[in-house]
Amino acid sequence: MLTQEDFRNKYQYHQATPMLQQYLDIKFTHQCCILLFRVGDFYELFFDDAIVVSKLLGLVLAKKGKHAGQDLPMCGIPYHALESYLPRLVEQEHKVALCEQLESPEEAKKRNGYKAVVKREVVRILTSGTITEESLIKANAPNYLAAIVIYKDIASIGYCDVSTAEFIVIDVSIHNLTSELSRINPKEIILSESLQHNSSLLALFDNYKQKIVYQVESYFSFNKAQRTIQNYYEIITIDSIGSLNSTQVSVVGAILEYLSIVQKHSKSKLPFPQIVSYENFMLIDASARKNLELTSTLSGNLKGSLLSVIDATVTNQGGRLLHKFLSTPLAEVNLINSRLQITDFFYQNLQLVENLRELVKLVPDIERALSRILIAKALPKDLESIKISLKIALSIKKELNKVLEEENIPKYLEEIYNPLFGDDELYDLLDSALLDDLSNSANDGGFIKSSYSTKLEELRNLIYNSSHFIEQLKLQYRQETCIETLKICHNNVWGMFIEVSSKNAHKITDSKFVHKQTTTTAVRFTTTELQTLEAKMLNAKTMAAALEQEILAELCKAISLKSEKLSHLAKSISLIDVFCNFAYISHEFNYCRPEITSDLAFNIVNGRHTVIEKLITKKHESFISNDCNLQNDQRIWLITGPNMAGKSTFLRQNAIIVILAQIGCYVPAQSAQIGVVDKLFSRIGAADDLASGQSTFMVEMVETSVILAQSTFRSLVILDEIGRGTSTYDGISIAWSCLEYIHSNIRCRCLFATHYHELVDLASKLQSLKNFTVKIHDSNDKLSFLYKIIEGAANKSYGIHVAELAGLPRIVLNRAKEILLELEHNKADINQSNNNITKSMDIAVPPYPVKTIEIIKQLNPDQLTPKEALSIIYKIKNTILLEEDEKMI
């Protein structure tokens, strides 16, 4: 950020015209924004903003005269086309400052003479985390703004969705911060600028660098945050909003302060923040969330994700709630079973589901409509949404009453049933005021019924029947003057006037006729009546539009008084949509109700991968189902077998079954018994982290380190090919050690797939580990995958067979077979006579080099994160290699 002096020097402020100086003054206070500067019917951009935006939007880069002897770069956006251009700016993470004219040029001239500059002011800053416009945000996903404060090893996170008036505060361990960020997926993250100098903490936000908004440290001070909260909610003490700790107060205050800056005069009406306990939800680490493709595929697309398969919701708010459910599975038995009861209720009443879905799909996005109404950004359609929702809510309740007794609603259905209400008073008010088939724009009027307001009816009469009023006045004047040829005319110089021929001018004797002009053939007059009519006609359209805005504000106020009930109604409709969706897909895809317990059970019978099943069903193929029983004596399954045989699919499908069960949905299986999983970890697939200079193996080790450090005995751990990114012996050693640690230290349920067949001997050493493999058919050197997981171990990898299926040249395959035979003939016996791998891998450890000792001396192990520790190991390795090279020279 430039100082004012540097800024003015850069843009040669003192050589600028008065209007350009006004632009530069406003731009100085909004240096981080693209400034859209209203000039008449256009938003104009200058200097660097013009260059950036013209390229981004494909606009013509023009020039607006000269400034300081140079062409002034300029491009423009028509004001009526703004909404079509804004999404592309916001999608690119640009902040956009909207600067409007606060007066007309005529008003400016009256105020300060001919050379006066029109008053302008930034009325709003659009950012990706604070927008509410339908055209700028995804309909079926939340749009979160977050603020984070880290104190010791706890991160306080506040996040809100301004478009739906949702506000949540949660504390998590700093070790779980990246997992939580991947769950929330905020569009903007507010951090203290002091974090810019803390590289270890800043590393936690590596994947969110483009979304960070740094604010001065005072934003986060407890005292300032406390005042901000009190002012925002108009309360005397912050105790009114719940038991917030000091860091939670800081994040709430930071969010509210940020909103006050960017929203200017249109302040959001967020509810009190909801304080959430992390223990009630399953933790899904960032890697698992990505690899399981819960809400998007690895390439970032919705199609092909789990969400795309299970989402048959029929409303936008229902789609958003399903997105939240899938991102945040529950981890508390009673809460999960309560949801499953609701799903079961609808599953047992499929005709009701069909009828409700037909009704619910008629409900507009009441949630976001209500939010825009509360922040004075309402469109006419938003009010229509409220009206429609009130009407349909009664029909939904009537439909539910066909299978429920109103006096005896099951407790688990109360949150759905009780908020369904009709408000005749509010409905009648909106129905009497609003026209049908409303447009999105409120600027030009035309959305209020004329019958609603006598004044509006008069103005519209003037607009649409002006010729009739002129004709009436003309006939009146002809009668009064006895001049049958009297006319009422109009031109651009005189406006409206009365005209009579010169020979009839003497007949006009009444003083109300004021002489205006005499021509060679006619004399022109005016009257107070005519001037009043002309003024009304000229201003009628503007006055009607302004009156409609006043009526709109009154209607919004009436809705605001019922906002709490309407918010509960929106939630009820969303829940109905989601649970009807669960019942619908469960019936369509042949899902079963899972049994959720508080123990460590895990017994899936004929489980399926629902995404792949849907994909291959389209090809008229059948999905091969598999059992998975992780009981005490086999809570770790070590799975061997060739690539492409279905190991990874099996791993993923069991994780997906757990997630679906714990969001309250039926699952793709014949039966499922699941002890609640508190954390789900997954290490599947290989990926370099090029941005941070980490190899595939380093990424794998960092992710594995996180899993080993954070898993509990209630977790589900899924590991695929641990150790493959290094030498064979190194890889076997790492995989072996990880298995032992999971078995004996963590003692959790685990699926562990590997190519290291040497590991199968661990089944005789680790009592809770059991070997499983993928069934194949090997006949005459021809390999067929049967995709069935069976007990036992693979005796070879079939890598060359897979290469053959992949289409490698025959000459390469034949040579590979020759080499394989030679290697198998000469390979060392890893297990030796006592089947103990550790003895066969003993190596002589040389003395530590001096530089390595110095590195180790400087370390403080208690302050190292797993990621930092691995980086240091690499540094030590490089140091050893360097010293060995120096000895050889």
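The backbone N, Cα and C atoms fix where each Cβ goes, and this holds for glycine too.
Given the structure is predicted, the values throughout are model-derived calculations rather than measurements.
Annotated ATP binding site per Swiss-Prot: Gly641, Pro642, Asn643, Met644, Ala645, Gly646, Lys647, Ser648, in sequence order, evidence recorded as sequence analysis. Of all Cβ atoms in the shown protein chains, 17 besides its own fall within 10 Å of the Cβ of Met644 (ATP binding site).
Excluding Gly641, Pro642, Asn643, Met644, Ala645, Gly646, Lys647, Ser648 themselves, the residues of that chain whose CB lies within 8 A of the CB mean position for the ATP site are, in sequence, Val774, Phe785.
Long-range Cβ neighbours of Gly646 (ATP binding site) (same chain, at least 6 residues apart, Cβ-Cβ under 8 Å): Ile624, Val774, Phe785, Tyr787, Lys788, Ile789. In the three-state DSSP scheme, Gly646 (ATP binding site) is classed as coil.
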